[in-house]
Amino acid sequence: MKEFYLTVEQIGDSIFERYIDSNGRERTREVEYKPSLFAHCPESQATKYFDIYGKPCTRKLFANMRDASQWIKRMEDIGLEALGMDDFKLAYLSDTYNYEIKYDHTKIRVANFDIEVTSPDGFPEPSQAKHPIDAITHYDSIDDRFYVFDLLNSPYGNVEEWSIEIAAKLQEQGGDEVPSEIIDKIIYMPFDNEKELLMEYLNFWQQKTPVILTGWNVESFDIPYVYNRIKNIFGESTAKRLSPHRKTRVKVIENMYGSREIITLFGISVLDYIDLYKKFSFTNQPSYSLDYISEFELNVGKLKYDGPISKLRESNHQRYISYNIIDVYRVLQIDAKRQFINLSLDMGYYAKIQIQSVFSPIKTWDAIIFNSLKEQNKVIPQGRSHPVQPYPGAFVKEPIPNRYKYVMSFDLTSLYPSIIRQVNISPETIAGTFKVAPLHDYINAVAERPSDVYSCSPNGMMYYKDRDGVVPTEITKVFNQRKEHKGYMLAAQRNGEIIKEALHNPNLSVDEPLDVDYRFDFSDEIKEKIKKLSAKSLNEMLFRAQRTEVAGMTAQINRKLLINSLYGALGNVWFRYYDLRNATAITTFGQMALQWIERKVNEYLNEVCGTEGEAFVLYGDTDSIYVSADKIIDKVGESKFRDTNHWVDFLDKFARERMEPAIDRGFREMCEYMNNKQHLMFMDREAIAGPPLGSKGIGGFWTGKKRYALNVWDMEGTRYAEPKLKIMGLETQKSSTPKAVQKALKECIRRMLQEGEESLQEYFKEFEKEFRQLNYISIASVSSANNIAKYDVGGFPGPKCPFHIRGILTYNRAIKGNIDAPQVVEGEKVYVLPLREGNPFGDKCIAWPSGTEITDLIKDDVLHWMDYTVLLEKTFIKPLEGFTSAAKLDYEKKASLFDMFDF
């Protein structure tokens, strides 16, 4: 096997690298790296190096990194450009690994850990680390073992050893229900004192030093607490042993929520899983506690316990250790589903960067472009900062709030990346500018063609067509990767639907799941075999298909994010290739493209349907248009269709054979009009939506921009056995909406779209009765605890105090002096409940940390005084009124004169 790096650090004048050698063994080396940089030279001078603008450059080799850095400063002082990669870690990786890196993830030691600290005086502050660490669970990916370090004797009480036998038992049998699949992987180590525990953990750490260190919120809590605790007990030099290079950096980060200490352990890549989840999951959650996210992702939360966590070790030490183990296991389970660690490795090795740099699109793209240009002997420009300036955003069409029975949507493939490639937008391809006409003149093709020579964008920018830009070239590579992974995702999705169909009539035989590659569409032979499988085998295959779909979805979405982040980087003042003109060219072209095709689609469908001036495009947003298909169905006659599948088939065929070619012709005209380098505006049919044939359902509705719901039968060629709701921007999607209300509103929408007004009214009556019986947490609204101090006047709300901040202040007064009650942390989410007048808390609401039960100290009073009427009105009825008003429906049956009679 070829060598590949694990971590790389610059310490002084040396590069310290951990790597896997050709024999598959982990090694460490210190390299006195000699970097190269570049300067412009006269055109008469012979050289093989040129900058991205074609200017000749001369290479300068330095004896060490210090000399190179000093040369850059001298060049800046005299106003000359020092070209080349000034991040010497990236330059070293490029020089050392001048080939595509094929890494073996089984050789990369990933540690997932969690510590427990008993603190009798509130939250244990990691920067102080004044309380003993009394439990550590550390999972090692290479060993596939959970190493548990347990402190038996501490200042806060002595405890008995944890029992693996009790841990394995069901809770009804007095056990902890630690899953059977990990019981045999647990290595339990009890210690009599903390010094012994920490020293043994440190020795273990050095023997099995992580390459990737993860866990839930480890960067903010676990890592600084362990580091500072070891420093407090043994001294700083001992704490630095956590770094394989004995080098650490302590950094205090200040933000609107206060300050926190970040410890960098040189030689270890920290990928805090809470940060991975926030960046890559594309979900907005009401709480990012591990318990909440576990419930959301796995349908199982953390291990439950009675009383405050600060008392758990003393009251139930057995549960305390099992709780610690399960916390680590939950993060492993989430990653098994989401694959964010593997995704980070893929991105990191593709770009040849430190793996933790995947959080920075600027760093990622800087490395990708540098490595590509280096192969061509092209030299990257010097990075400079620029003043921040705004530029236009995307176009969003204002919809008419209404119900829409039959709808088709069409989506431009990777709009901004495609614009960059079509127009050939790059810093070095700028050819000049032309006199700009109003944007609507370009949309309607009444303005003069901008240029017969150069590729143009309607913001006035012109680009060369006779050369490939650096940015379009690199984006094309990642674009092709995204297309590949999206193909895997959609194939797995289609395969999953085939398996679901077979599950309606499974075989009773005893068999095994088929060994197939779910990334590719099943052959006819496999489809026939699937029909003969048992339910057990089919369910196993469905599980694998869904995992493949999730892996493909994550990979393609994150490549999409990477691609689109390059567009954003072009407008980022810290990016090496920053140019405001280019960022503006991209978004302005996008605005024109969407409105151009709206005009073309309306013209085409008016011609097909024999109408005049009809606005068939009801909505558009950034890269998508939504087309009302009612008149298309009417043209054929709704009665002609046998069933729902029949009309979906018809619209599918109409979109594929008639509309997509018409759309393509329209975009080709635009490409010719703008004289672009190549035609890449490809718009495909996305959703086909409508009610079941013969039902009273409305099919879909819009309440405003970015707020709509559709009953979808087919998405990008994947036909659903049961329709799926596509809901955007409505309260069902908002993290502030209570969980139970989200579910109820979604059911209301389903009934509106699929069954109609009468069904909606029935459910409204049901939920109104059910609401008061629901668990208080499931109906509490959620808000972020921002700017508490701003509105805090002696513990009471000041002028213009927001409702949820008022609730936080109420809570703080109620728990004052009680250190066991969970504290509200600035910036975190809180649950909010309204209270009836006359309550003992003296205010109209109360709020406490989300993801937790309200403290027993005040729970009974809160539940007695909570205002169900206000809560139902604000969280459920008000948003439902918005839906039904737009859709011209009534959620409650209205009395009429006819109700007085029997007929």
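Heads up, the Cβ atoms here are built off N, Cα and C, so glycines get one too.
What Swiss-Prot says about this one:
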REGION    103-340  region '3'-5'exonuclease'
BINDING   Asp114, Glu116, Asp327  Mg(2+) 1 binding site
BINDING   Asp222, Asp327  Mg(2+) 2 binding site
REGION    380-903  region 'Polymerase'
BINDING   Asp411, Asp623  Mg(2+) 3 binding site
BINDING   Asp411, Leu412, Asp623  Mg(2+) 4 binding site
BINDING   Ser414, Leu415, Tyr416, Arg482, Lys560  substrate binding site
SITE      Asp621  site 'Optimization of metal coordination by the polymerase active site'
REGION    705-708  region 'Binding of DNA in B-conformation'
SITE      Lys706  site 'Optimization of metal coordination by the polymerase active site'
SITE      Asp714  site 'Essential for viral replication'
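On the structure: features taken from Swiss-Prot.
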residue: Glu116; record: Mg(2+) 1 binding site; DSSP class: strand
residue: Asp222; record: Mg(2+) 2 binding site; DSSP class: helix
residue: Asp327; record: Mg(2+) 1 binding site; DSSP class: helix
residue: Asp411; record: Mg(2+) 3 binding site; DSSP class: strand
residue: Lys560; record: substrate binding site; DSSP class: helix
residue: Asp621; record: site 'Optimization of metal coordination by the polymerase active site'; DSSP class: strand
residue: Lys706; record: site 'Optimization of metal coordination by the polymerase active site'; DSSP class: coil
residue: Asp714; record: site 'Essential for viral replication'; DSSP class: strand
Checklist entry - At the level of the C-alpha atoms, what whole-angstrom distance separates Glu116 (Mg(2+) 1 binding site) and Leu412 (Mg(2+) 4 binding site)? => result 49
Next on the checklist: I'd like to know which of the recorded positions Arg482, Lys560, Lys706 has the most other Cβ atoms within 10 Å of its Cβ.
Outcome noted: Arg482
Checklist entry - Non-local Cβ contacts of Leu415 (substrate binding site) (under 8 Å, 6 or more apart, same chain)? => result Gly590, Ala593, Thr622, Asp623
Checklist outcome for this item: Nearest to Asp114 (Mg(2+) 1 binding site) by C-alpha distance, among the recorded positions Asp411, Tyr416, Arg482, Asp621, Asp714, is Arg482
Item to check | Within 10 angstroms of Lys706 (site 'Optimization of metal coordination by the polymerase active site'), Cα basis - recorded positions out of Asp222, Tyr416, Arg482, Asp621 | outcome: Asp621
Next on the checklist: Just to verify a number: CA distance, Lys560 (substrate binding site) to Asp411 (Mg(2+) 3 binding site), in angstrom, no decimals.
Outcome noted: 14
Checklist outcome for this item: Same-chain neighbours of the substrate site, Cβ within 8 Å of the mean position of the Cβ atoms of Ser414, Leu415, Tyr416, Arg482, Lys560 and not counting those residues, run in sequence order as Thr413, Pro417, Ser418, Phe479, Ile563, Asn564, Asp623
Item to check | Sparsest-packed among the recorded positions, when each Cβ's other Cβ atoms within 10 Å are tallied, from Asp114, Asp222, Asp327, Asp621, Asp623 | outcome: Asp621
Item to check | Inter-residue C-alpha distance, Asp621 (site 'Optimization of metal coordination by the polymerase active site') and Asp411 (Mg(2+) 3 binding site) (nearest angstrom) | outcome: 10
Checklist entry - Which residues, in sequence order, are found in the same chain with Cβ within 8 Å of the centroid defined by the Cβ atoms of Asp411, Leu412, Asp623 at the Mg(2+) 4 site, excluding those residues themselves? => result Phe410, Thr413, Ser414, Leu415, Thr622, Ser624, Met683, Glu686
Item to check | Among Asp222, Leu412, Asp714, which are recorded as recorded positions, the nearest neighbour of Asp327 (Mg(2+) 1 binding site) by Cα | outcome: Asp222
Checklist outcome for this item: If you count the other CB atoms within 10 A of the CB of Glu116 (Mg(2+) 1 binding site), including all protein chains displayed, you should get 21
Next on the checklist: I'd like the number of other C-beta atoms within 10 A of the C-beta of Asp411 (Mg(2+) 3 binding site), please.
Outcome noted: 17
